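Note sheet for the following structure.
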Amino acid sequence: MWSREDKRQFIWFMLFALVVIGAGLGLRAPWPADEPRFVLVARQMWESGEWLFPHRGQELYADKPPLYFWMLASTYALVRNWNIAFLIPSLLTALGTLALTYDFARRAWNPRVGLWAAGAVLCALQFVYQAKRAQIDPTVVFFITLGMYGLGRHLLQGANWRWYWLGCFAAGLGVISKGVGFLPLLALIPYWLMRWRGWRGLSSPAPVGAGRWWLGAASFLLAIALWFVPMLVTALVDGDREHRAYLNELLFRQTATRYVNAWHHHAPFWYFLEVIAYFWLPFAIFIPWLIRPWRQAWRERDARVWWPLAWTLLVLLFFSASPGKRDMYILPALPALAWAAAPFLPVLAQRRGVRVALLVFAGALGGLLLGAGVLAVTSDPAFELKLEAERGLAGDAHAEALWWTLAIMGGLIVAAAARLRAARAIALTLATVLVLWLGYGLALAPLMDGENSARDVMQDARRHAGATATIGLVDWKEQQLLQAVGAVTEFGFKAPVETQWERGLTWVRAEPGQRVLMAQDATLPACVDRTHAEPLGAANRRSWWLLRAHALATCDFGTPGAR
């Protein structure tokens with residue numbers, strides 16, 4: 001039963017989540033590593049009308065399926081401002097994930113448990129951090145959670161075939177946002193084992209009908225086919241070699257090869273246990289105390305607890321088995337872990353050990369921010385000098401404001417900890433979440449935006465080059481092309497740096513009065529005359545130079561011709 005009071009509490013929770021996640025919307029531009037790339041791809045989709053084959057500059061971009069890029073372009077179509085549009089998909093999908101987390105736990109237990117489940121997800125640092133970024137991960141987390149929700153409504157709270165089919169369809173949408181979207185289908189494994197062993201909490205009577213079960217596979221494939229079939233037909237029929245190469249890259253190298261034989265982001269097998277322990281704080285604090293009730297639920301064969309928990313363990317095993325690991329890969333398991341934990345959280349939150357641990361977390365976080373801010377304002381510690389030098393903030397007024405902001409945020413959290421203490425640890429946790437993410441979204445992010453987004457360095461490049469000159473980008477990053485002002489060209493992104501220099505040199509010498517090159521210091525050839533080069537400053541830990549033809553007079557890379 002969902003009473004009016006329950007609905008009111010849910011609405012207040014969602015408003016709180018909207019404030020926490022949405023704070024800062026429109027106050028910054030896309031930041032590396034992934035945001036400028038994804039927004040650039042979406043912007044080129046919008047401008048070119050090429051929706052099946054994404055591009056990054058002049059090259060096809062086959063690292064990810066296109067669904068997320070379609071979402072970015074769609075939000076731009078509504079608001080016509082990329083600095084607002086690029087964060088809306090993450091905001092909406094994160095709110096959708098919270099709503100699904102709440103509703104599933106509400107139906108499995110009661111509305112109070114639903115709030116605890118959704119609250120556990122919202123309080124995990126990694127969830128909000130990703131939700132405030134234009135990464136694909138919040139979107140794939142939503143589709144995976146919707147897939148688990150649909151399957152759970154059928155397997156545990158059904159039988160309800162429509163929800164089962166919708167869950168499978170959502171998994172297919174997850175695949176065309178990021179390849180791991182199929183993960184909800186793994187939840188059928190613990191379901192069948194639990195059904196075989198007679199666990200309680202499953203749908204009764206058991207769903208029957210082989211044809212209906214197979215319609216789930218059809219729903220899954222249908223969602224994938226919405227994009228895959230038009231793309232496949234086009235790639236096979238139009239005779240474009242680049243489209244064939246895109247197909248091979250996406251289907252094989254970026255999926256199976258990336259999982260089995262990853263070429264970067266190597267980490268040990270236990271890496272994701274560390275991610276959960278640190279990045280899912282403060283929710284992760286509860287995990288040691290959850291072991292006993294989970295053991296009891298195992299003895300009682302309670303599928304409401306162990307179906308999502310078993311799936312979480314399968315996901316953990318799946319990602320741990322791959323040599324390539326990034327912290328956000330495990331994020332889709334967070335809502336399911338919250339479902340398994342939520343019925344026990346209200347009781348555990350009354351334990352003194354848990355309350356003290358939450359107090360220590362808030363106090364340590366607040367003390368760290370306060371201490372770092374005060375030290376940076378009153379002296380010149382090594383960490384301050386290092387960060388400001390890397391970020392091009394040395395001597396910048398924004399740097400002083402940044403450290404003051406950290407000190408204020410830390411002071412507010414410490415004050416809340418002193419006032420609320422362990423007795424009101426849950427209220428303290430919510431206050432910490434609010435201060436942390438409002439401070440980040442409304443103050444820290446705008447202060448760092450000029451450098452992080454490369455907007456400042458690209459504006460400087462335009463001032464140095466002149467209003468009518470065309471800037472050629474060598475060894476560039478996506479944020480340079482995204483934030484470019486005026487006429488700009490590039491010589492390939494994946495092309496070897498030497499090839500880019502060859503093309504760039506030929507290009508700039510063709511019209512030396514109207515063309516200049518922009519390149520980063522780390523790969524500047526020795527032949528460049530730096531006395532005639534113009535420094536542009538730093539962006540994203542890289543120093544950049546503007547080069548006119550006379551600064552390249554002694555260079556000779558061959559003459560392959562620029563594109």
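Cβ atoms are placed via backbone N, Cα and C, with glycine included.
Predicted automatically and left uncurated, TrEMBL annotations should be read as such.
Positions annotated as transmembrane segment by TrEMBL: 12-31 (among others).
Each residue in the domain 'Glycosyltransferase RgtA/B/C/D-like' (63-207) has a pLDDT score, and their mean in this model is 96. The domain 'Glycosyltransferase RgtA/B/C/D-like' annotation in TrEMBL covers 63-207.
The transmembrane segment annotation in TrEMBL covers 82-101 (among others).
Sequence annotations record features per position, and here TrEMBL assigns transmembrane segment to 163-193 (among others).
Sequence-distant contacts of the transmembrane segment (213-237) (same chain, at least 6 residues past either end, Cβ-Cβ under 8 Å): 52-53, 65-67, 161, 164-173, 175-176, 182, 185, 207, 243-244, 246-247. TrEMBL lists 213-237 (among others) with the feature transmembrane segment.
Within the same chain, residues 120-121, 123-127, 316, 319-321, 325, 327, 329-330, 334, 338, 340-341, 344-345, 348, 351, 353-354, 357-358, 361-362, 429, 432 sit at least 6 positions outside the transmembrane segment (269-291) and bring their C-beta atoms closer than 8 Å to a C-beta of that stretch. TrEMBL lists 269-291 (among others) with the feature transmembrane segment.
Positions annotated as transmembrane segment by TrEMBL: 303-322 (among others).
Taken from TrEMBL, the feature transmembrane segment covers 328-349 (among others). Under 8 Å from some Cβ of the transmembrane segment (328-349) lie the Cβ atoms of residues 97, 100-101, 104-105, 108-109, 112-114, 116-118, 120-121, 124, 126-127, 130, 135, 137, 140-141, 144-145, 148, 180, 183, 272, 275-276, 280, 283, 286-287, 289-290, 293-294, 304-306, 308-309, 311-312, 315-316, 319, 355, 425-426, all in the same chain and six or more residues away from its ends.
With a threshold of 8 Å between CB atoms, the same-chain residues lying at least 6 positions outside the transmembrane segment (356-377) that come near it are 281-282, 285, 383-384, 400, 403-414, 416-417, 421-422, 425-426, 428-429, 431-432, 436. The transmembrane segment feature in TrEMBL is assigned to 356-377 (among others).
Annotation source TrEMBL lists transmembrane segment at 401-418 (among others). Residues 359, 362-363, 365-374, 376-377, 384, 393, 428, 431-432, 435-436, 439, 443-444, 447-448 of the same chain lie 6 or more positions beyond the ends of the transmembrane segment (401-418) yet place their CB under 8 Å from a CB of it.
Marked as transmembrane segment by TrEMBL: 425-448 (among others).
Assigned with DSSP, the residues of the domain 'Glycosyltransferase RgtA/B/C/D-like' (63-207) fall into helix, strand and coil as follows: 111 helix, 1 strand, 33 coil. Residues 38-39, 81-84, 86-88, 91, 94-95, 98-99, 102, 115, 118-119, 122, 128, 131-134, 430, 433-434, 437-438, 440-442, 445-446, 448-449, 452-453, 455, 479, 482-483 of the same chain lie 6 or more positions beyond the ends of the transmembrane segment (12-31) yet place their CB under 8 Å from a CB of it.
Within its own chain, the transmembrane segment (303-322) is flanked in space by residues 108-109, 148, 152, 155-156, 183-184, 186-187, 189-191, 194, 199-202, 259-260, 262, 269-273, 294, 297, 329-330, 332-333, 336-337, 339-340, 343, which lie at least six positions past its ends and keep a Cβ under 8 Å from the stretch.
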